[in-house]
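Visitor: Can you read through this structure? Questions will come right after.
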Amino acid sequence: MEENSLLHFLDDTPSSHYRKTCDGYASQNDGDDHSDSSDPANARERLEHLLNQPANKFCADCGTPDPKWAALPFGAFICIKCSGTHRSLGVHISKVISVNLDEWTDEEVNCLANSGGNATVNTRYEAFLPENYKKARQDFATEERASFIRKKYELQQFVTDPQFSCPLRKPGADKHHNQQHAGSRHGTFRNSWRKKDPDHKIVKKMMDVAMVEFVGLIKVDIIRGTNLAVRDVMSSDPYVMIILGHQSMKTKVIKSTLNPIWNERLMLSIPHPVPPLKLQVFDKDTFSSDDRMGEAEVDIQPLISAAREYQNSIITESAQICTFLASENSILAKDSVISIVDGKVEQEIVLRLQNVEHGELEIKLECVPLSQ
Ligand SMILES: [Zn+2]
């Protein structure tokens with residue numbers, strides 16, 4: 001089964017940018033003895049070494065003990081609450097990986113191992129933190145925490161001495177910063193930036209998203225489509241888009257078939273309050289907009305509740321937790337079962353696609369609550 005990159009916000013395509021940043025950051029550390037950083041065994045050893053360093057036993061952003069998440073490409077170990085804010089910045093800025101849960105690629109291990117951990121990250125990203133500035137603390141509200149993390153990593157406000165920094169260098173998605181300089185010698189710069197800023201809407205959207213709290217991750221396996229509708233002459237080129245709150249992801253396109261097999265895993269963060277998971281099937285058209293081939297909505301709340309209830313369960317054999325019955329008019333084409341398999345809480349669903357002549361979509365969901 002193909003595993004897509006972890007998270008996908010605001011329709012960004014993170015992988016190339018992420019890789020560049022990750023490589024770039026690693027190369028900044030070339031002065032250190034990392035000449036063999038391509039050796040995976042060696043990278044894991046260095047990762048273990050990093051995990052045992054005292055600075056990495058506390059969240060890099062708020063100081064909460066025993067952080068279980070890592071933010072790449074920075075290489076910071078962070079707590080669950082800060083991980084929510086990092087996720088909301090989008091993977092093109094910060095990719096959050098669970099130290100325990102996720103399968104790490106060699107590239108990610110290398111990136112983290114080369115980062116130097118929390119001590120190095122904070123030396124760099126908090127180098128010019130003003131003395132009286134309130135760094136995030138464990139008891140900070142989501143909003144204050146989000147504001148600090150955005151300034152630290154996205155705007156990188158504390159990397160350089162403010163006395164020497166150029167007011168145009170980071171077209172301050174930060175209003176406060178601009179207001180501070182209103183009427184001062186920087187005022188003209190600020191106004192000219194405002195008129196030209198093409199990213200203003202994106203930044204605004206990000207600020208909205210940054211306030212979202214996340215309660216878990218959902219893995220969505222798009223398995224297959226059956227008897228889908230014809231949208232080209234004889235067949236269709238179907239793909240599936242999944243949407244959860246502000247996030248969306250797509251599968252690959254499978255050419256000329258009404259019974260596509262994707263076997264593709266997509267992963268999204270689960271925001272709070274939990275929205276329904278929307279699935280839309282499209283026919284890919286090269287010269288016109290893509291045609292709709294039906295859609296479906298899934299309430300993922302029962303799966304999340306089951307995952308929370310069973311997250312510390314010691315059940316080792318598979319067991320059924322609950323069943324949703326299919327009927328002639330329901331969206332379920334077959335009974336759907338939430339079950340626990342190898343300690344994972346999963347739900348298999350065959351959906352009858354809506355607003356289309358015919359077609360079914362088979363998916364499997366797995367929920368990982370954020371408490372690790
Ligand atoms: Zn934290």
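Quick reminder: no glycine exception, Cβ is built from N, Cα and C everywhere.
Summarising the annotation, TrEMBL assigns compositional bias 'Basic and acidic residues' to 31-41. Annotation comment: TrEMBL describes 44-159 as domain 'Arf-GAP'. According to TrEMBL, the feature domain 'C2' maps to 197-314. Under the heading region 'Disordered', TrEMBL lists 21-41, 171-195.
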Visitor: Summarise the domain 'C2' (197-314) as counts of helix, strand and coil residues per DSSP.
Guide: 20 helix, 52 strand, 46 coil
Visitor: Note the mean pLDDT of the domain 'Arf-GAP' (44-159), expressed as a whole number.
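Guide: That stretch averages a pLDDT of 86.
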